[in-house]
Ligand SMILES: *Cc1c(COP(=O)(O)O)cnc(C)c1O
């Protein structure tokens, strides 16, 4: 018998030409080399597919969170160098050294360990992390001179770059400007091949005379952390689902768990095949959240359940079973959804679960 496979209920369309457009903007806007940040499965867009799409772009690095992500890229033969963004655990360093993934160093002890593991090989290029205010890793500015001198004395390492990170580039201008100042006066730029501090917000809203690389994540995926730049970007992911059922329910009927919503009029209710099991947050319940059907915004009714949501399509008489639904995308930004859910776009994107089929366009 011929095998039969139904289309997905909920899927994420990933627009790879939008990804490249956004990269182009990151390059033009910064005038610098771009480390594409691909951590957390390329922000939920699919680690391998996004890496493949960008591997021929001539980027200096792909930034990933962990050796597991680095290993997945190595396994498919990605040629772009891999940069481990956070500190490495001691038991991860042997693998990182073996593959010559770039480790970011925060302490003399880390450097000593990596130096020992790389005994007998060509010096391993590493980057130094400077903590200018993030509080997550790195040397404090007043520890840098001594730390750097120590690392430079180690025979199996070579210091290739220096980086820092911005905790509030999208929230606090004065602090961020002060951070840039601290960074720019902490070392002699001629000693480093790569100098980098800017994430997406830093890239879009600030400039520096000494940096020569930027590390955008979110903006590559077409979402701006600062609303004023959103128009220049194209959202890469569109989360879609389909209407599974339409019924007219009478005024006074309850909708979904807890019966938080009681219909105030006779209502045409569309049931849609997506829920928090797909990463569509339950916290969107009762927040005036909307979805888009046939180009029109329709209101969510009642709580988001694991696999289904209900929306009001009374004012959309054409709506029928099987209609496509945009949960977020170019017409309804994930940042808007995030705000309604009381979180940030980064969390929604990385929270889209594996059962959601990714379709690459
Ligand atoms: C995640 C991350 C980035 C990218 O941040 P966006 O705000 O998504 O652009 C850059 N640098 C480091 C160190 C990061 O951890």
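Residue numbering: from 1, along the chain as shown.
Cβ atoms here come from the backbone N, Cα and C positions, even for glycine.
TrEMBL entries are annotated by machine, without manual review.
These features come from TrEMBL:
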- 39: active site, proton acceptor (ACT_SITE)
- 257: active site, proton acceptor (ACT_SITE)
- 136, 306: substrate binding site (BINDING)
- 236-361: domain 'Alanine racemase C-terminal' (DOMAIN)
- 39: N6-(pyridoxal phosphate)lysine (MOD_RES)
Below 8 Å Cβ to Cβ and six or more residues apart, same chain only. Which residues does that give for residue 136 (substrate binding site)?
86, 165
Count the other Cβ atoms sitting within 10 Å of the Cβ of residue 257 (active site, proton acceptor), across every protein chain shown.
13
Give, as a single whole number between 0 and 100, the mean pLDDT over the domain 'Alanine racemase C-terminal' (236-361).
98
State the Cα to Cα distance, in Å, between residue 306 (substrate binding site) and residue 39 (active site, proton acceptor), rounded to an integer.
26
Between residue 257 (active site, proton acceptor) and residue 39 (active site, proton acceptor), what is the CA-CA distance rounded to a whole number of Å?
35
Measure the Cβ-based neighbour count of residue 306 (substrate binding site), defined as the other Cβ atoms within 10 Å of its Cβ.
12
Using a Cβ cut-off under 8 Å and a sequence separation of 6 or more, which residues in the same chain sit near residue 39 (active site, proton acceptor)?
63, 64, 65, 66, 69, 85, 217
Could you give the number of helix, strand and coil residues in the domain 'Alanine racemase C-terminal' (236-361) as assigned by DSSP?
23 helix, 48 strand, 55 coil
When DSSP is mapped onto helix/strand/coil, what comes out for residue 39 (active site, proton acceptor)?
helix
In three-state DSSP terms, the structure that residue 136 (substrate binding site) belongs to:
coil
